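Engineer: Pulled from TrEMBL, these are the listed features:
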| type | residues | note |
| --- | --- | --- |
| DOMAIN | 32-340 | domain 'Plant heme peroxidase family profile' |
| DISULFID | C42-C120 | disulfide bond |
| SITE | R69 | site 'Transition state stabilizer' |
| ACT_SITE | H73 | active site, proton acceptor |
| BINDING | D74, G77, D79, S81, E93 | Ca(2+) 1 binding site |
| DISULFID | C75-C78 | disulfide bond |
| DISULFID | C126-C336 | disulfide bond |
| BINDING | P183 | substrate binding site |
| BINDING | H213 | heme b binding site |
| BINDING | T214, D258, D266 | Ca(2+) 2 binding site |
| DISULFID | C220-C245 | disulfide bond |
Amino acid sequence: MVSSTVHITSKMDISKLQWCCFWFLFGVTSAQLSSNFYSSSCPNALSTIQSAVQSAVNNESRMGASLLRLHFHDCFGCDASVLLDDTANFTGEKTAGPNLNSLRGFEAIDNIKSQVESTCPGVVSCADILAVAARDSVVAQITLAYYGKVKVKAKLGGPSWTVLLGRRDSTTASLSAANSNIPAPTLNLSGLITAFSNKGFTTQEMVALSGAHTIGQARCTTFRTRIYNETNINSTLATSLQANCPSNGGDNNTSPLDTTSPTTFDNAYFTNLMSLKGLLHSDQQLFSGSGGSTDSQVSSYSSSSSTFFTDFANAMVKMGNLSVLTGSSGQIRTNCRKTN
């Protein structure tokens with residue numbers, strides 16, 4: 001009995017030590033990043049990125065969501081590894097299950113990088129460009145329609161946040177890490193909580209970050225099972241989605257993640273969940289309507305967009321600081337698709 005107690009205590013101590021080490025390293029990393037990192041070396045970096053993001057979103061309103069998602073998929077390790085093409089030495093992350101035929105925006109990042117390089121060659125990392133572009137894409141202005149020669153514009157309307165800078169780019173990528181680290185749309189609530197917890201996120205932060213699905217599209221293959229086989233879905237929504245997502249074929253047909261306001265960054269995603277209108281299985285897992293552990297938070301965000309915006313912005317700052325390379329680690333790529 002004594003040895004058993006000692007063993008349990010030892011495991012608890014190890015767990016506490018690992019948790020403390022995580023937050024110590026997180027604090028050290030954050031301290032090496034700063035919001036004014038390029039103020040002297042490339043003072044026009046942020047304005048150049050913002051202008052290029054705005055141009056990309058003007059060309060395609062969906063690009064705002066695509067750039068945000070690209071940063072998310074990179075930041076389960078924010079080192080721009082997701083941008084690397086395959087080489088003879090490694091298979092990159094672009095063909096990983098969560099990314100293949102799904103991640104987009106690579107050409108937009110190429111264009112942003114080219115403009116930044118023209119201003120400050122070899123100074124601004126691709127990882128920092130991804131982080132800033134994600135923030136700028138949430139608040140970008142989009143063109144809703146044309147009436148004659150008059151453009152009708154609106155802003156995506158999301159929150160802004162201060163992006164800490166100074167990340168460096170990885171010199172390799174990991175297909176297996178991308179396959180295992182990025183949460184799948186088929187996960188149940190417990191799986192979502194675990195996947196985010198493994199990266200140091202609380203359940204509250206996981207729900208807040210899931211709110212990014214207030215913009216963007218999903219492919220039929222990611223929600224087909226839900227609209228044909230699941231019962232916790234609004235029947236009218238399921239029927240309407242089946243028209244564009246047949247039971248066989250049409251895998252790459254897309255539908256909005258937020259059917260209410262797909263081009264506005266707002267809290268409608270959470271209101272939809274309360275009406276059983278979550279598109280992905282993993283979306284609806286956040287709200288069961290029967291006292292699930294995240295039901296109250298979904299309800300809170302549905303009632304208060306400001307609460308959601310604050311929590312989302314804070315969680316994005318935290319995510320952007322995960323597993324970054326700083327100092328002399330990594331490199332500053334001149335081409336985001338390949339190492340120097």
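Backbone N, Cα and C define each Cβ position, glycine as well.
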Engineer: Do me a favour and check the Cα-Cα span between E93 (Ca(2+) 1 binding site) and C120 (disulfide bond); whole Å is fine.
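Structural biologist: Cα to Cα, E93 (Ca(2+) 1 binding site) and C120 (disulfide bond) are separated by 28 Å.
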Engineer: To the nearest Å, how far is the Cα of C220 (disulfide bond) from the Cα of C78 (disulfide bond)?
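Structural biologist: So the alpha carbons of C220 (disulfide bond) and C78 (disulfide bond) sit roughly 28 Å from each other.
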Engineer: Specify all same-chain residues, apart from the site residues T214, D258, D266, whose Cβ lies within 8 angstroms of the center of the Cβ atoms of the Ca(2+) 2 site, ordered by sequence.
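Structural biologist: Those within range, site residues removed, are G211, H213, I215, T260, S261, P262, T264, F265, N267, A268, Y269.
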Engineer: For the domain 'Plant heme peroxidase family profile' (32-340), report the average pLDDT of the model, please.
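Structural biologist: Taking every residue of the domain 'Plant heme peroxidase family profile' (32-340) together, the mean pLDDT is 93.
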Engineer: Fill in the CA-CA distance, D79 (Ca(2+) 1 binding site) to C120 (disulfide bond), as an integer in Å.
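Structural biologist: About 20 Å separate the Cα atoms of these two residues.
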Engineer: Going along the chain, which residues six or more apart from C42 (disulfide bond) have their CB under 8 A from its CB?
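Structural biologist: Listed in sequence order, they are V116, T119, C120, V123, V124.
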Engineer: When you put D258 (Ca(2+) 2 binding site) at the centre and draw a 10 Å sphere around its Cα, which of the recorded positions R69, D74, C78, S81, H213, C336 have their Cα inside it?
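Structural biologist: Of R69, D74, C78, S81, H213, C336, within range: H213.
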Engineer: Counting only other Cβ atoms and using a 10 Å cut-off, which of the disulfide-bonded residues C220, C245 scores lowest?
Structural biologist: C220
Engineer: Whole-number Å only: compute the distance from the Cα of D266 (Ca(2+) 2 binding site) to the Cα of C75 (disulfide bond).
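Structural biologist: Cα-Cα distance, D266 (Ca(2+) 2 binding site) to C75 (disulfide bond): 23 Å.
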Engineer: With Cβ-Cβ distance below 8 Å and at least 6 positions apart along the chain, what are the contacts of C336 (disulfide bond)? List them in sequence order.
Structural biologist: A80, L83, L84, I109, D110, K113, C126, I129, D169
Engineer: Between the recorded positions C78, H213, T214, C245, which lies closest to P183 (substrate binding site), Cα to Cα?
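Structural biologist: That would be H213, the closest of C78, H213, T214, C245 to P183 (substrate binding site).
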Engineer: Relative to the Cα of T214 (Ca(2+) 2 binding site), which of the recorded positions R69, D74, C75, C245 has the closest Cα?
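Structural biologist: Checked the recorded positions R69, D74, C75, C245; minimum Cα distance to T214 (Ca(2+) 2 binding site) goes to R69.
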